[in-house]
Every structure is written in structure tokens, then in C-alpha cells.
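Asker: Here you go, one structure.
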Amino acid sequence: MRSETVKKGYQRAPNRALLRSLGVTDREMDLPFIGIANAYNNIVPGHLHLRSISQKVQEGVAAAGAVPFEFGTIGICDGIAMGHEGMRYSLPSRENIADAVELMVEAHRFDGLVCVCTCDKIVPGMLMAAVRCNIPAIVVTGGPMLPGYAAGRELSLIDVFEGVGRVAAGTMSEEELGELECAAMPGCGSCQGLYTANTMACVTEALGLSLPGCAAIPAVDAAKLRIARESGERVVGLVREGVRPRDLVTPKSLANAIRVDMALGGSSNTVLHLMAVAREAAVPLDLEAFNAVAEVTPHICHMMPGGPHSMLALYRAGGIPAVLKMLERHLDDAPTVSGRSILEIAKGARVADPDVIRTTDAPVSPAGGLKIVRGSLAPDGAVVKCAAVPEAMWRHRGPARVFDGEGAAMEAILHREIAEGDVLVIRYEGPRGGPGMPEMLSPTSALMGLGYARVALVTDGRFSGGTRGPCIGHIAPEAAVGGPIALVEDGDEIVIDLYAKSLDLAVERATLEERRKTWKPPARRLTGMLARYVQTVEQANLGAVQR
């Protein structure tokens, strides 16, 4: 066992003395040591309940004959960080979490690892750490929040974001927005639709790193406590069997994860995160792999924000095992932490609600929910969640309205300075330019709330999993490094064709070269972590990982 490095031999008497001060007994010195990375805090709704989940994991570890040691990691709530300077810190926190877990695992020589996490950057950060450390590991995701409810319909956080636009449009009063604000979020858990946190939980299960069914179980359901205990027991089995994350994160399992993502119509952020996880596993994964899978994987679940169904509906319909059941003929068989293969899990599943999880013969759409687009505006690629784009906007040509940053764009939107047909360009919001590649949920939600139907938005920043509408993000190269998006001027024609997977700037190359002669990136003064981050972060088409 790895942990023998700190507990065997007379030379380790000082190490053992410290362990004994924790209450570790002679008998326990001979057992596997399991690290439990718990991202609990009381500022993130998705993490508020993780203490109870971690406690059940610890009980499971002990029951299976190992010793649990809990440690903490940070976690940022993207919703609370949204729309201000705080959002610049969200994506960088992914790398911080991965590094922090690695530090604890390697310093203390744990034999196994359980990652207890829920929200947007915490799940991928812990996945990266688990694969990087490559000790037997299992992930327990905290589960979705129950939907809010008012006026006879289910609510989610996106209703509140879009309510801001409705107030600006005069179609909702501030009092009504206040009532919505108080009804939308009834308790702990990740935001209720197929936004980034829940998409990552589903992807983790499809990768084979969570027990079957874990992703969709609501945060407040006792089934979450049971699967947490089972996960604690199972990680001890993985230690004894010698099954490691890199045995599970393979080209086949990554393809399965992308298939599930496409079938669900998941968040565009999964492109960044899966590429980052693949890099830790030394598995080649590029943007074209997402298009290749999307073209042969039907979109079979019409989930919020593009559709009507919440994560609660997905859970009641059978969760990810039922989705795997419908995708069975599209899947590559691959092992999972459960000890059963992905096809065994699919064969044993049942679809309880065919309106929520459709067959591949009667899908929402014949192709997957994400597309990678390229063209003169995005030579190295960009990402669009086509599952949330009305088909009437799959082809669009319009004049650019250019904003150097989200704040200026938001002000113009709320003051109704945008015309139908415009293409909003929000730039200098990429990995280096933001820095931190902030999400543009506030402007996209404001556009929806104001009732704009034919306004597109393109950016080198990111979009929340809650974004809906014709929004293309992750444009690479970004403006800060001189990508074509830096050269766009007001009135330039931008051509979007999602059928052709293209995004073009209808400006002569010679004109762009003239503009480049006078282009300079905006000067800005950065300090602290962000100053270090911009020196090492890669472009979005490489997963925005740090070198």
C-alpha cells in the first residue's frame, strides 16, 4: 500500500506518532488510508449539504475495512460570481482545486480517494486531480436542487436571470421579480436544469467514475446518502483490486461521456472540461472529436434550459442508466468503478418516462446538442449549444455590435440599444483576456427576458450551462492574443451557419490586415493569482488548461 510509506518501519515512528494523535489505532495502521476530498462550504448552495454526504462516505470506508481521512477544497458558486469581477476567478479555480487535491493526496500517501463535489468547476477540478494522481478513486456528486414552484409551473435560477430582462422590458414588475427570486431556489443542490454542474455529474457517471445512478439523484433524497455510503465501501474494493482512474478514462470512455453529453444537450463547458481531463490521462482529445460524436448521436432528452425537463424529471425517468439504455447501440463497452461495464449498466436499466428520455428513433433532434464551428472568425474553433438555439437562428447574417467586455454589452442590452438582427460581439473575455474566460449568462438572459428573438451573441468568453439562444462561445484564438475577433468593427457582417458548422467574418482579408497594423490589446494591471494565471493558461480550443 502507498500509505505504508508513512506508517511502516521504525524510521516512521514520528509519522505514526502524529497519526496516533488523530486517534488511529494499531489495527488501523494495517488498513488502507482513504482520502476524502470534501468541497463543503456554506456559500455555495450545491455544497451546503456535502458534510452529510461525506459522513456517509466515511461510514462506508470504515465498514469496508479502511480508514477515512477528510480534507477540504474550495468551491465557487458561478451564479453568485456571475456578472461581476468575481466571475474571472471561476475557471481558474478548476486548476486550483486539481492542484489542492493533488497536494493532499501526494503529501499524505493515500491509498484511495473519494471526491465529494457538486458544482461547475469543482467536479472537473476533482476529476483532473483523480486522473493526475491515478490512485483508486470514485466521485460522489452532490445532486441537483429540487425545482422551485410558482404560478403553476416549475422554476429554476434561469427564470430569475431572465426576469431581470423582463423588468427592463417593462413586462414584469420589480415586485414580481422579487417573488420569483424567493420561489426559484428552494434549498441545497446544484441548479435544477441541465446546466454545467449537472452536465458534469452526468458526464462523470458516463466516464465510469461514479456509481450508476449517482448523477441525477436529488440533493435532498435519501438515495444520495445511500449511494455515498456505497461509494465509500466501493473505493476500498477499488484499492484492493488495483483499479485506477487511468484504467477507466480511456478513448472509449471519453467517447461515451461525449455521447451522453450530446444526447442530453449538455453544457458547452463540458468541452473545456473533458479536454482537460483527457489531457491528465494522456488521451488525445480535440474539438473535432465532439463533432464526430455529435453527428451520430441523437439528442434524446429535452432538458432545461432549451427544453421543459428538470433534473428531477430525469431522475424519475431513470437517470443516466436509462439514458445509456437508449444509447446502447452507440456506446463502446468500457469498465466503471462499479465493477460492471457500461453496457452491463445499460442493459440492466429501465426508462420510466419515455417523454423525458426518448428513443433514438424519435429524438428531439437527430444530431447531438453541441457543435464545434470554425471559420474566419474562429479559425481554431468555437462552441455552440445548438440544443438551446431555435432552428430559425441556425442560419443568420447580421451586423456586428462590438463590446470590449461584458459590462458594456450588458448596459447596451438593458438600455435597449440593440436591434433585432444584430450580432453582439463580446471580446477580451477569453482565458487570457478576461482573464479567466468568464461566463456571459447575464447578457444572454437579459436578451431573452427583453424578448429579442433574432439577436446572436459571439464571444471568446464562455456561456453558462443555463444559456439559451443563438450564442457561440470559446472563440479561438481569443482577442487578447490577436485572434480575428479582435479586428471586428461595428457594422461588419458576421455569418453564422450551424448546419455547415461555420462562423465567418465577411470582411476582406486585406482590410483585416490593415486593421491589424494598428491593433494593440487593451492594457490592464493584474495582481495576485490572475496575474500568474494569464502567463500559463492555454487557449479554449486546448481546454484552457495551464501549462
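The backbone N, Cα and C atoms fix where each Cβ goes, and this holds for glycine too.
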Asker: Look at the Mg(2+) binding annotation in Swiss-Prot, where Asp78, Asp120, Lys121 are given, and name the residue from Glu429, Glu439, Glu478 listed for that site too.
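Answerer: Between Glu429, Glu439, Glu478, Swiss-Prot records just one in the Mg(2+) site with Asp78, Asp120, Lys121, namely Glu439.
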Asker: What's the CA-CA gap between Ser464 (active site, proton acceptor) and Cys191 ([2Fe-2S] cluster binding site) in angstrom, rounded?
Answerer: 11
Asker: Let me check the 10 A CB neighbour count of Cys119 ([2Fe-2S] cluster binding site). How many other CB atoms are there?
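Answerer: A 10 Å sphere around the Cβ of Cys119 ([2Fe-2S] cluster binding site) contains 28 other Cβ atoms.
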Asker: Could you check which of the binding-site residues Asp78, Lys121, Glu439 is the closest Cα neighbour of Cys191 ([2Fe-2S] cluster binding site)?
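Answerer: Going through Asp78, Lys121, Glu439 one by one, the Cα closest to that of Cys191 ([2Fe-2S] cluster binding site) is Asp78.
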